[in-house]
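What TrEMBL says about this one:
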| type | residues | note |
| --- | --- | --- |
| DOMAIN | 7-261 | domain 'Nodulin-like' |
| DOMAIN | 332-545 | domain 'NFD4 C-terminal' |
| SIGNAL | 1-22 | signal peptide |
| TRANSMEM | 60-88 | transmembrane segment |
| TRANSMEM | 100-127 | transmembrane segment |
| TRANSMEM | 175-195 | transmembrane segment |
| TRANSMEM | 215-237 | transmembrane segment |
| TRANSMEM | 243-265 | transmembrane segment |
| TRANSMEM | 349-367 | transmembrane segment |
| TRANSMEM | 418-436 | transmembrane segment |
| TRANSMEM | 442-468 | transmembrane segment |
| TRANSMEM | 480-499 | transmembrane segment |
| TRANSMEM | 519-538 | transmembrane segment |
Amino acid sequence: MPSRALQWLSLVSIIWLQSINGTNTNFPAYSSQLKHAFSISQLQLNNLAFASDAGKLLGWFSGIAAIYLPLWLVLLIGSTLGLTGYGLQYLSITNQIHSLSYLQIFSLTVLAGNSICWINTVSYVVVIRNFPPSYRQVAVGLTTSYQGLSAKIYTDVIAALFRSSSSSSTKKAKAYLLLNSVLPLMASFMTAPLIRGINDVGLVVTKPENMDAGFVLMFLITMATGVYAVVSSLGLIVSSSALVRVIGSGVFLLAPLVIPVAEIIREGLEKYWSLSREKRVYHFTIEENVHEDRHHHHQDGLKLDGDHQDHDHGREVVVSEVDHHDHDDVDVGVREEVGVKAMLIRIDFWLYFFVYFCSATLGLVFLNNLGQIAESRGSSRTSSLVSLSSSFGFFGRLMPSFLDYYFSRRKYVVSRPALIAVLVAPMGGAFFLLLNSTNLSLYISTAVIGVCTGAISSISVSTTTELFGAKNFSVNHNVLVANIPIGSFLFGSLAALLYHKEGNGSGKCMGTKCYRSSFLIWGSLCFLGTILALILCARTRKFYSQR
């Protein structure tokens, strides 16, 4: 297979992996049912949400494994961890094994959360290795955006399987656990042969502009996918059933295959035309040489010398062009390569850490509690809300990639800290809007928080490489996202305690009062995150200007 086609095929494989890798994002859709099935309290349920994020504390293991093990093996290890974590919970809830204790359920959830890190690490490393710096950030952002669709894909599949409204909620919880354990493993086996780095990418891609057409088409496909996801989540397609939504999502996930197929056809035609041209030139040269031998035999020595000089001159020109290409392809956004120990003693890292802590982490805590928030407001459309947040999260993750691509064509680099500052402020406003008791405010806030959380999660990948380099990215980024389980535990536990207090000690609380204090705290922390992001931007702005 041509190398360029293999590049695009590896990107499509990562898209498929990411689209089913966000197994923790569908937790709100079945958290209430899980609470009743395992007979646990609200605080214990919240700790399970923390446990899923706590797997990221051990995410650096996957970074080290990616350095020493083949990427396909790292991928299969990650999916096997997910199979174990979710699979044993499924067997327990279906009474096929002895009932698990809460500690065992907690540990299995940590294991399942850690499996996501392994698949994410493989995805990032493959894209970073396979694409030149001028396209690397765009490719990472595109693939990352598809993880935002995971919750929608899972909820649509469950809705298609349980079309009857009489289906028990416990059955749906069982189905979520089963899909969470099986789907990532199936996708990993399917894509494992394509998960590899193309070491000679610099030799094959002589002109980065040649990839523009592919990325433009990929953006169009991705935008169409996002529009379809939002429209189907809002129920704007009257005739669409759950089964139709699943089929539609499948078609859109297969659509990116058009690019590697077109690349195979293009390279095949180019090879055919090149061989035909060489054949014609060969015959013409033979006839010309015979004519020259008859009339200018005495000039053969001079002619051969001249041909040798021309050949050498041509070789020098080719080398010069390659060197020029390598110079243009330097990732100018990267300040320096920094190891994890040096990173941990830098002010920029801790500013970055707490910016993420007060932005994307808060958004994830809200999404983890979305099921309980909807229930406390008397809403029965939890799955629709989860699907909505997933769809808007997809657009949020895609937005930085589009900006990267747009400004890179104009020789400018957008400041990542500045983008984060712009995104954190609306999140704070959305939390304060949730103090309103109407369902409209709940939907609007969920959409805004989904967009901003997704965008910041996507931006963080390129921010890590720009601040601390790409060489140690797999370990550095996993250290950064360790703030997610910390925030999930602190903010989630506080919200659970306030929920329990407002419920007057009972296991259930109803009304906007249940999360009022939590929304005030989260909104205030978002504005603190905005200030910290502006400070980080002020410290680094000179590195993000004109190329």
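In case you wondered, yes, glycine gets a Cβ from its N, Cα and C as well.
Those TrEMBL annotations? Automatic predictions, nothing curated.
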Under 8 Å Cβ-Cβ from the transmembrane segment (442-468), and at least six residues away from its ends along the same chain, one finds 124, 128, 136-137, 140-141, 144-145, 148, 331, 333-338, 343, 348-349, 352, 356, 359-360, 363-364, 366-367, 370, 373-374, 377, 379, 385, 388-401, 404, 416-417, 419-420, 423-424, 426-427, 429-431, 433-434, 476-477, 480-481, 540, 543-544
Taking contact to mean 3 or more CB pairs closer than 8 A (sequence separation of 6 or more), are the transmembrane segment (175-195) and the transmembrane segment (418-436) in contact?
no
Tally Cβ pairs under 8 Å between the transmembrane segment (519-538) and each listed stretch (100-127, 243-265, 349-367, 480-499), then give the stretch with the top tally.
349-367
With pairs 6 or more apart in sequence, are the transmembrane segment (215-237) and the transmembrane segment (100-127) linked by at least 3 Cβ pairs under 8 Å?
no
Whether the transmembrane segment (418-436) meets the transmembrane segment (349-367): three or more C-beta pairs under 8 angstroms
yes
PLDDT averaged over every residue in the domain 'NFD4 C-terminal' (332-545):
82
